[in-house]
Each structure stands twice: as C-alpha cells, then as structure tokens.
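A.B. asks: In case it helps, TrEMBL gives these features for our protein:
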- 4-193: domain 'Flavodoxin-like fold' (DOMAIN)
- S10, S16, I17, S18, M96, Y97, N98, F99: FMN binding site (BINDING)
Amino acid sequence: MASLLSIESSPRGEYSISRKLTSAFVEEWQKTHAGGTVVNRDLFTTTLPFVDLPWIAGAYTPAEQHSPEMKKALEIGNTLIAELKAADHIVLGTSMYNFSTPAILKAYIDQIVRVNVTFTPQYEGLVKGKKLTIILASGGVYTPGSPTEGYNAESSYLKQVFGFIGITDVNIVLAGGTGAVSMGQRSLEDFVAEFTPAVLEAAK
Ligand SMILES: Cc1cc2nc3c(=O)[nH]c(=O)nc-3n(C[C@H](O)[C@H](O)[C@H](O)COP(=O)(O)O)c2cc1C
C-alpha cells in the first residue's frame with residue numbers, strides 16, 4: 001500500500017500559502033492512491049532541538065554503548081528517520097526565509113542526516129526509492145533562467161541535502177510572488193489557484 005509523509009514548516013497557519021498548496025497535494029494524492037496511508041509531520045508542533053554534544057557523541061557511538069543522554073538526544077531523530085524511511089512519497093511544504101530554508105526546517109534536516117543511519121561513512125545515501133515533492137512559497141519570484149534565479153539558495157540546498165541521504169527523485173514547485181498577497185494586491189485564493197495545477201500534477 002502506498003504511503004505519503006506530509007511535512008509542514010510554515011508558522012502562518014491559515015495564512016500560509018505553502019500549507020494551502022500542500023493540503024491540495026495531500027487531497028489529490030489520496031484520490032489517486034486509494035487506500036494509501038498519510039502521515040502528517042508538522043514541524044511547528046514538534047520539539048526540534050538543535051544538534052548538541054550528546055547528539056554528536058551518540059551519532060558516532062555504536063547504539064549499544066549509548067549513554068542515557070545520547071539516547072535522549074537521538075530520540076526525536078529516530079522517530080523522524082523512521083517516518084521518512086516508511087514513506088514512498090514525501091511532500092514538503094516550506095517557505096523561503098532570507099533566501100534559504102527556515103531555521104525550523106534546517107533543525108529537522110540536522111536531525112535526519114545521520115551517519116550509518118541515513119548515509120554511510122563512504123557518503124552513500126541510505127534512504128532510497130522515494131519521491132520528494134517540495135512546495136516552496138516565497139515572497140519574490142525566482143523563475144529558473146531569470147535574473148533573480150541565483151538568489152534562491154533554498155532549492156539547490158534542499159536538492160543537495162536530500163540527494164545526499166539518497167532521495168534523488170525531487171520535484172520542486174516554486175510558488176513565487178506571495179508578496180503580492182501580503183501587500184493586498186492579490187487574494188490568497190487567486191494566488192493558490194495559479195499554482196494548484198502544478199501541485200495536483202505532482203501528486204499523481
Ligand atoms: C522572516 C522572513 C524572511 C523572508 N525572507 C524571504 C526571502 O528571502 N525571499 C523571499 O522571496 N521571501 C521571503 N519571505 C517571504 C516568505 O517566503 C513568504 O511570505 C512565503 O509565502 C511564506 O510561506 P507561507 O506562506 O507558507 O508561510 C520571508 C518571510 C519572512 C517572515
């Protein structure tokens with residue numbers, strides 16, 4: 001049976017464009033994958049500590065030698081990695097903050113990229129055979145081939161880091177120009193409608 005992991009990272013609730021588009025993706029995916037399972041991971045309701053000394057020590061120590069502190073530090077990462085490994089398709093809704101990934105998403109990434117668990121010491125990714133769809137909402141427009149493309153450090157970073165752990169089938173839907181909604185020049189509904197066809201296509 002097909003399984004989808006839906007990851008949300010915007011703090012803006014009902015005003016979030018990435019959340020609206022990710023919800024449309026999940027709805028379509030459920031229609032096209034009857035009987036499939038969906039796991040929701042909201043990074044804003046997940047306690048995501050930064051990597052600390054017990055985490056680093058634990059990551060480089062065999063599990064049977066872990067201290068209670070190391071075990072605790074690796075706990076949330078273990079849960080997140082298990083979710084990732086169980087999914088066939090992952091949809092990740094994200095914003096662009098300061099041309100890159102919001103800190104909460106970086107904290108998630110720091111938890112899931114772990115030696116011997118999601119990549120080998122020889123840098124081979126261990127999370128294989130997955131599809132990843134990223135829905136990236138940004139105030140500005142960073143269309144590939146345009147003069148502003150180079151400002152978008154987030155798409156290339158996310159492709160690189162997920163590729164590093166073995167997820168190489170990555171499709172990014174760039175929902176650029178949300179600034180027009182924030183400034184009241186466009187309605188949220190009108191903006192979401194423009195990007196919905198690309199999102200629905202990605203969910204097939
Ligand atoms: C702290 C912060 C930093 C931002 N930095 C950028 C940026 O560098 N480039 C950009 O195009 N938009 C930037 N934005 C705008 C957001 O990407 C935009 O509002 C997007 O729609 C947020 O996603 P959401 O609607 O899912 O919450 C920023 C917004 C915030 C709050």
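Cβ atoms here come from the backbone N, Cα and C positions, even for glycine.
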A.B. asks: Per DSSP, to which secondary structure element type does Y97 (FMN binding site) belong, with helix, strand and coil as the options?
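C.D. replies: For Y97 (FMN binding site) - judged by DSSP and reduced to three states - the answer is strand.
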A.B. asks: In the three-state scheme derived from DSSP, which category covers S18 (FMN binding site)?
C.D. replies: helix
A.B. asks: Look at each of the binding-site residues, S10, S16, S18, N98, and point out the one with the fewest other Cβ atoms around it within 10 Å.
C.D. replies: N98
A.B. asks: Please list, in sequence order, the residues in the chain of F99 (FMN binding site) that are at least six apart in sequence and whose C-beta is under 8 Å away from its C-beta.
C.D. replies: Y151, N152, A153, E154
A.B. asks: Over the domain 'Flavodoxin-like fold' (4-193), work out the mean pLDDT and round it to an integer.
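C.D. replies: When the pLDDT values over the domain 'Flavodoxin-like fold' (4-193) are averaged, the result is 98.
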A.B. asks: I want to check the contact list for Y97 (FMN binding site): same chain, sequence separation of six or more, C-beta distance under 8 angstroms. What comes out?
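C.D. replies: When sequence neighbours closer than 6 are ignored, Y97 (FMN binding site) has A103 within Cβ distance under 8 Å.
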A.B. asks: Let me make sure I understand the span of the FMN site: among S10, S16, I17, S18, M96, Y97, N98, F99, what is the greatest distance between any two Cα atoms, in Å?
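C.D. replies: Max Cα-Cα spread across the FMN binders: 17 Å.
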A.B. asks: If you draw a 10 Å sphere around the Cβ of M96 (FMN binding site), how many other Cβ atoms fall inside it, taking every protein chain shown into account?
C.D. replies: 24
A.B. asks: Does anything in the same chain, at least 6 positions from I17 (FMN binding site), have a Cβ under 8 Å from its Cβ, and if so what?
C.D. replies: S10, A137, A175, T178, V181, L188, F191, V192
